[in-house]
Amino acid sequence: ASSTSPRFLSSSRKTRVRCATAKMLAPLLSLLLCSFATAARSRDDNFEAITCGSLLTLVHSSTSYMLHSHPIAWGSGSGQQSITTSGSDRDQDNLWLVREASGKEACRVGEPIPCGGTVRLQHMKTGKNLHSHNYRAPLSGNQEVTGFGDETGEGDDGDDWRVLCGSNKSGYWRRSKDVRLKHDLTGRYLTSSASVAFNDQNCRNCPIVGQMEVSAASASSAGTNTNHMWYADQGVFFPPHEDAAVNDEL
């Protein structure tokens with residue numbers, strides 16, 4: 001395959017690559033993914049770096065639930081599109097496109113995302129961007145996280161998240177490696193917890209029962225808190241383009 005061909009891969013945390021998972025994508029993309037899936041290994045050095053244009057699932061490290069959205073608005077706060085985590089790994093509502101920061105020139109497909117770099121994560125199905133702002137989340141009282149933007153995915157600087165890699169010494173965001181996502185505008189960290197699950201008591205007869213709240217937490221609680229950790233798992237990953245030097249040290 002050429003250096004710009006995408007590949008469907010699963011991270012080392014989930015070693016089974018299932019062609020059925022690809023069926024959650026659009027039919028044409030699903031066909032492409034299935035053709036790669038049977039030959040893909042759970043780890044492939046050429047596809048370790050997360051790159052611009054990649055489509056991925058983002059897993060919450062401490063609960064194993066996936067970052068999720070859907071065309072359902074919050075009933076409080078801003079009333080914008082809700083963001084949760086979901087335990088289903090065969091749901092197209094878990095897929096996010098890695099893009100350049102708001103207002104920046106379009107990034108080059110295959111450009112590795114550096115540790116400390118700023119990205120937008122655009123929800124594949126609805127086109128909304130992962131967003132935060134100074135409203136209160138419904139359960140935790142932390143800063144609300146929503147889906148925001150117009151039909152083309154254009155929003156504002158509240159859509160920008162800085163990738164903090166922690167112990168990863170490669171210099172780039174890597175598949176299966178824990179990262180924190182710091183909201184660039186407010187300095188808060190993307191977080192979730194099993195203690196903020198939607199249930200029949202706090203969300204009677206609502207469509208997100210069984211899912212967990214996603215919010216942005218203050219920096220004071222972000223140090224070693226595993227609730228702020230996420231890792232990129234399954235998806236369609238574009239390898240680094242030929243002139244991108246990626247350190248292979250893990």
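The backbone N, Cα and C atoms fix where each Cβ goes, and this holds for glycine too.
The domain 'MIR' annotation in TrEMBL covers 47-101 (among others).
The residues of the domain 'MIR' (110-166), classed with DSSP into helix (H, G, I), strand (E, B) and coil, number 3 helix, 26 strand, 28 coil. Per TrEMBL, the feature domain 'MIR' maps to 110-166 (among others).
What TrEMBL lists as domain 'MIR' is 170-235 (among others).
What TrEMBL records for 133-159 is region 'Disordered'.
Positions annotated as signal peptide by TrEMBL: 1-39.
Within its own chain, the region 'Disordered' (133-159) is flanked in space by residues 69, 74-78, 80-83, 99, 101-103, 120, 122-123, 126-127, 183-186, 188, 190-191, 193, 196, 198, 202, 213-218, which lie at least six positions past its ends and keep a Cβ under 8 Å from the stretch. For the domain 'MIR' (170-235), the DSSP counts in helix, strand and coil order read 6 helix, 28 strand, 32 coil.
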